[in-house]
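Okay, structure first, notes after.
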Amino acid sequence: PVLFNLLYTMVAGEKQSFPLRISILYCLQCYLYKNDLGKSLIVQTLLPQTENVANQYTLGHLLIIGYLSKDNVASWCSGIALAHLIADNQQFKEAILKVVLAVDQAQAGAKTLMEISTDLLANSSSSFHTRVAVLIFLCTWLSNCSLAVQTFLSIQNSISYLISQICGQLVADDREILIQSLCSFALGLCLVFNNNQTPSYTTESLERLINKRIGIDLFQEKLETLSKSEYYSKTLQKPQLKLSKTNDMILDYEFARLYKALEGSITRMLTSRQMNSTENSLIGPLSTNLYEQQTSTMMTHYHDLIRKQDQQINTYKQQEKQFIDESQIYKKKMLDLEQKLQEVKDQYSLLKISTKQGPDTHNELATICEQQRRELEYLRSFVTQHQQHYNSTQPIENGIEHLNFNNTENHNMQNDRKLQASERAALTARITELQEKVNAFEDRYATQNDEIARLQLENGVLQEKITNEKRKVSILEGVESQMHGLIDDKARCDSEYQKLNSVYQQNLNEQNDLLVLCSSYEDQLTTCRNIIQSAGLTVPKFLLDLDNN
């Protein structure tokens, strides 16, 4: 409903402002852009409907009403909108071929949309803007749609009108010149997308018609006029509609893109066919064996030279690919070696730290063990001295006991014996205590000896690891030197590649020069054939074979 109200304002709003109506057209273009679903819904409203539906106004009805309107703005905007409706979609272009419009109340007066479009072109009362819009719509319809071209060619006087416009008298009016260029483009589309289903207007017959009625050079000149116009250059700059007045309603951005894409195809088709026909017409009788031998020898030499250069170029391409692959392999190896080298350096740093801590702990434990060993030796000597003193006092005690037994009356000697007995008991307790300390120190000494042995073993293992890591570091340093060698090799390979590439470019330029020389040689052959033909001589068979090749 929103689109319907907007289109109604664009088509029937003659009293509305011009910028508003152009803005509505641009809004519709944005809606249709890459929107196949929206396009199909509008196309369906154009196709024949039932009577109840046909009596209702739809978007398609509004576009047709504007297309046939006498109002220049409505006519031009509706024609551009119809072109956007079918742009880049062959299915929609074939579908609207079925659109039939009643010209009068009688059913016999019904015409297709394409027939009405040709009538609008031929109608002298149609304004310039209306004819431009119709031609843009028709060119969009004919492009890349053979069925639309077949239908257009079957309409009476359609081709005659285009040719009459192209061959019209030279005019100074830029608008009429633009109409002639648009007609040339439409005729060129009929030539390119012709499916040859219309017997009177096949591709060959259209070419002969253009050549006979217009002339190839004049036709190309008229066709290229559009690309040189100021309207075309301005329109192609941006897709937005920047129109300030009705006189600016000329071309459309999508149509300018279409012309830019297909104008070259039309020119190439006409030029190539003209060259082929010219060469065929120049085939005639030839002369001398000497000239034939020189020609054959020269062509063989050129073919061999080109073949050798192709082989050399292929060899250079293979070498280039090999150099690139080797360069990638070297880069990967360099990254792996750098990673391994970094890991080994980290491990070596950790071992250095652990090695610095090991000897200090070992020296400390050795000092403690030495002090305890000296203390143990001192205790052992002390115990030995007391043991000797005890052994020396034992016979004296036995003698005293014997004397006391024989002389019980000596009271003083008995007191001395008791005193010595108490001293002996104290000494025995002291010896026992010292012996226990000696045993404890011996156990501790044995434990510390085991710890010292263990630390010495660990120190030996660490020293061996350090030796191994140093060996790894030396190996990695050797690998690093190899890596630098690989980098130098890569630089050398890159230098060789640059030299080979320069040689390749030089050979390619030489090959292009040879191709140009061959082309000029062919032109000389053509000139010779013309001279021989004008002399009434017979053309040798090898030249006929050369043309076929």
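Residue 1 is the first one shown; counting continues down the chain.
Cβ from N, Cα, C; glycine included.
Annotations in TrEMBL come from automatic prediction, not curation.
Among the ranges 103-130, 187-214, 327-354, the one that TrEMBL lists as coiled coil is 327-354. Feature coiled coil, per TrEMBL, maps to range 424-472 of the set 228-276, 277-325, 424-472. Long-range contacts of the coiled coil (327-354) within its own chain (CB-CB distance under 8 A, at least 6 residues past either end) are made by residues 462, 465-466, 469-470, 472-473, 476, 479-480, 483, 486-487, 489-490, 493-494.
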